[in-house]
Structure formats: structure tokens, C-alpha cells
Amino acid sequence: MKAKETLHTRLYNFNPGPAALPLSVLEEVKHTTVEYGGRGISLMEMSHRSKPVEALVHTAEQQLLEQMELASGYRALFMGGGASMQFAMLPLNLLTKGAAADYILSGSFSEKAEQEARYIGQTRIAASTKASNWQQVPDVRDISIPADSAYVHITTNNTIEGSRFNAFPRTGDVPLIADMTSDLLSRRIDYRQFDMIYAGAQKNIGPAGITAVIIREELLARCSQQIPLIWRYETYASNDSLYNTPPVHTLYVLERMLQWTKQQGGIDQIEERNRAKAALLYAMIDGSDGFYKGMIDAEHRSDMNVTWRLPSEELERQFVLEAEQRGFIGLAGHRSVGGLRASVYNAVPVAACEALADFMREFMNKH
Ligand SMILES: *Cc1c(COP(=O)(O)O)cnc(C)c1O
């Protein structure tokens, strides 16, 4: 009943990013959009040097680190520019002259990260599954990395292809850096094995316009001093992300979303639910006698982005069309790979996946 009720006003949102936000967070933000915390004005109209904004940044940083179990030894910084800006900002800070950085390629976002770094310095491809069309992720458990590498970069969940890593490389003293834009806080990972993690907020932790950079304090000290202040991680750290004006209202929604994540029971509960959601769709695909075909090898499938094909492109278009008429949006695959993709980030309810699985069965029987 509940799912039907929401359908009249809220669609089943499988958008890849910007993506679904929890309805309770949107409702809460609706009120504070006009007036925040008894101050007579909204956050959008408030100085970023005011106490409420300072408190907000502080809470968001603590919340994020706490949920990642990184309460000591790390900083969480917030900045604009999206995850794509980190593709360039990372090498600016850490790819020093004469050194090389190692990139693990597992999908198109990881390629973009490597391509941007080439403008700054030398890169190497440590592993890649491009030749098999990204159908798996590289096996990186026993990867060997030169001891003088500037860092190793990995994309833990491949949003466009629908794959993910379940094991991560051991890099010794070489910093391990991860783009976790599409799986941060969606599953239990030992975040401590990474020296820096970044994520555009618009998939799992908030709206577009803000990016979280979680960085080991020791690594901050090693960042370049030869680049403009605005590009240095150290600048964001020493100014508590308020060196210049951050997108304050966006940060607020992110902070509310972190509260929501905590209220769900934290990562373990969220992960269990995410697994169940994805399993509903994969079971439908695998049980369809080849009508639906998963794009990724079973053991590398993502719980965040479920990708599959139909027998023809014509039927794929038909699927998207009929789905839209039934209130399911965001299901067309990325233009670079085609097919179908359901992005089922933390805020997508189980009921939406149940409804989609039902629709998939119906569509299959009809065609
Ligand atoms: C969405 C996404 C990006 C790009 O994020 P922007 O914030 O649009 O720059 C980068 N990496 C991954 C893994 C993503 O899912």
C-alpha cells in the first residue's frame, strides 16, 4: 500500500546520480529552506563564518569519520567541484616531479582519473580489464607496485559498468587512494587500508555540489607546497573546509543524510538491505532463461548499479518506455555502454526494487 501511495507523488527513482534521497530528509530540509535553527533566516542566506555553519561542518566531519570507523588519524574535508575535480586535484597534491602514479583500470571513471593525472605527471597502468570490455574487475590481491610509486588509485565501484572490487591491493608504504563515489557507506569495507578516499556526494551521501575527501593526516603533511592554496588538501584541513565559501546548504543536506544513515542502523544494516535489494534484481535476471543478461561476471557484480541487457536494442527501448509509464525512472544504461541499469543506492527503498522485479517479470512474460 505504502509504495503505491508514494507512487502518486514520488516516482521509483533508479537514477545513477544525482540520485534518490530519503523522503524524510527532503521533508526535513523543506522546512529549514526558509528558516534555520531559530535564526530567522535560512542557511543559504547565512555567512559561512557564522557559528551554525561552523557547527555544521564539524558535525558532518565527525559523523562521516565515525561511520567509516576512522575517528582517529584521518580528516574529512568538504569541497565543490565533484569527484571529477579530484581526478586532477589528487595528482596535483601527490604526484611529485619525477615520480609516477599507478592506476588500476576497471571502468570508464577510472580511465578518466588516469587521463587527468597525465596532465600533471607520469602514470602507469597497474592492472586493467579494458580488453575484456570491463566485464570483470582486475584481480589486484597480488599486484606488485614499485616501492617508489607516488600512489595507487582504484575505483572501488564502477558506476557505469555495474561492477565492484571485493578485495583490495596491499600497497605497503605506497598510499592507496580510492574513488568511492558510488559505494561509500553502502557496504562494510576496512576503510583504514586506504590513505585517501573521495566521493562526490550525489550517489550515497547527499545532493550534487559537494565532495568528501577523507585523508590520512600523515598524507596531508606530504602534499605539494608548489600549487595554489585553493588546490591544496592542507588548506581545506587547516581551515576546517571553510577556507572559502563551501556550498553550505548542500553540506547541510549531506549532514542530514549522514544522520539518516546512522538512524538506519549504520553500515551493517545498510549493507544487508543493499544486498537484498540487488539480489532481487539479479535473481530476476538470472532466472529469466536468457531474456535478461547481466553485463558483469557474477562474482564482480555491484550491489549499487545493476546492469543488464535484453535480446535487442529495440526491446531495451521498449523496456525503458513502459517502465517510465509505470513510474520507474533512470533505467536506461549509460550512453557509452547501452543496455539497462538500475542504480540502487542507500536511499532507494526495498519496495522500489520489489516493484521493479515484478515489472521485469511482467515485461518478460509479455514479450
Ligand atoms: C559519478 C562518479 C564520478 C563523477 O562524479 P562528479 O561529481 O560528476 O564529478 C566519478 N567517479 C565515480 C565512481 C562516479 O560514480
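Each residue, glycine too, has its Cβ placed from N, Cα and C.
According to TrEMBL, the residue from T129, T159, T261 that belongs to the pyridoxal 5'-phosphate site alongside A83, S84, F109, D179, Q202, N244, T245 is T159.
In this structure, the C-alpha atom of D179 (pyridoxal 5'-phosphate binding site) lies 30 angstrom from that of R49 (L-glutamate binding site).
Residues from the binding-site residues list (R49, A83, F109, T159) with a C-beta closer than 6 Å to any atom of ligand 1: A83, F109, T159.
Other Cβ atoms within 10 Å of the Cβ of T245 (pyridoxal 5'-phosphate binding site) number 11 in total over all chains. The Cα of K203 (N6-(pyridoxal phosphate)lysine) lies closest to that of A83, out of the binding-site residues A83, N244, T245. When secondary structure is read from DSSP and collapsed to three states, N244 (pyridoxal 5'-phosphate binding site) falls in the coil class.
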